[in-house]
């Protein structure tokens, strides 16, 4: 029991064992993960820079998009650098407090990601259903408060799960079969009763994911009713195209999230562990990687802004 702090049942550190059963191919698995992370960082920073520089994108919709990009960067950066160190250099040890901190940030940022998608759905709803009041409803003050409350909600709901995990006794060992510190992955190696952790995790998922999905569903129901009532086919097409990128972002976020959540709580014995670990990594990587691409392809204003940016750079180089 050398991994314990004296007589305490709190370990000094944990060992993140990577992807169980696939240790021999850790290096090969790291290449697609590293590629996706590089695309995510480049794409999201590029999108934020574009929105900051182009005055045509200084509208609530794109402010929320910049907030989504910022959240995406934080979400994937909370795990991927450490995961790559595990896969590349076999550096598996993580301090107990660092593990709890990583767990806190992972769940806070994933909760914030869901919240921002919900805010973007409300933004689309106001823009399509109440176009004349759009500018007066979504002021800079309202946007800032909404973003802050979304972050605060994640923090306040995740903090208890961190303390619930910290209180557990770890007498079975300190090896976690995962690439990062996830709430239930850490709790499951405890020799204590983790029922409270599991129930609280389910409550948080319902409070965040359930509430956000309900708001998104109501928003899109109102949008659909408003669009169907439009007399012009072009207007209907324009309204639908406005929501396409956001709908893709919702699918990319919630499908792997639900898979990861339900396999953790209900499918632990039916889903192979290595599949669960891979999906848990893709769950944090897929949205940050694909969101800039989806919004770049599907959103006309973003495409035009990219073209203007490169044309401006080309003109400046010619003048030089």
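Glycine too: its Cβ is placed from the backbone N, Cα and C atoms.
According to Swiss-Prot, the feature transmembrane segment maps to residues 199-219, out of the candidate ranges 178-198, 199-219. Between the stretches 277-297, 298-318, Swiss-Prot puts its transmembrane segment entry on 277-297. Between the stretches 7-27, 28-48, Swiss-Prot puts its transmembrane segment entry on 28-48.
Around residue 99 (disulfide bond), the C-beta neighbours below 8 angstroms that are at least 6 residues distant in the chain are 13, 14, 176, 181, 186. Neighbour count (other Cβ atoms within 10 Å of the Cβ, all protein chains): 12 for residue 191 (disulfide bond). The transmembrane segment (277-297) makes no contact with the transmembrane segment (199-219): fewer than 3 of their CB pairs lie within 8 A, with pairs spaced 6 or more apart in sequence. Long-range contacts of the topological domain 'Cytoplasmic' (220-239) within its own chain (CB-CB distance under 8 A, at least 6 residues past either end) are made by residues 121, 124-125, 128-129, 247. Long-range neighbours of the transmembrane segment (102-122) within the same chain, counting only residues 6 or more positions beyond its ends whose Cβ lies under 8 Å from a Cβ of the stretch, are 61, 64-65, 67-68, 71-72, 74-75, 78-79, 82, 94, 146-147, 150-151, 153-155, 157-159, 161-162, 165, 180-183, 186, 204, 208-209, 211-212, 215-216, 219-220, 246, 249-250, 253-254, 257, 283-284, 287.
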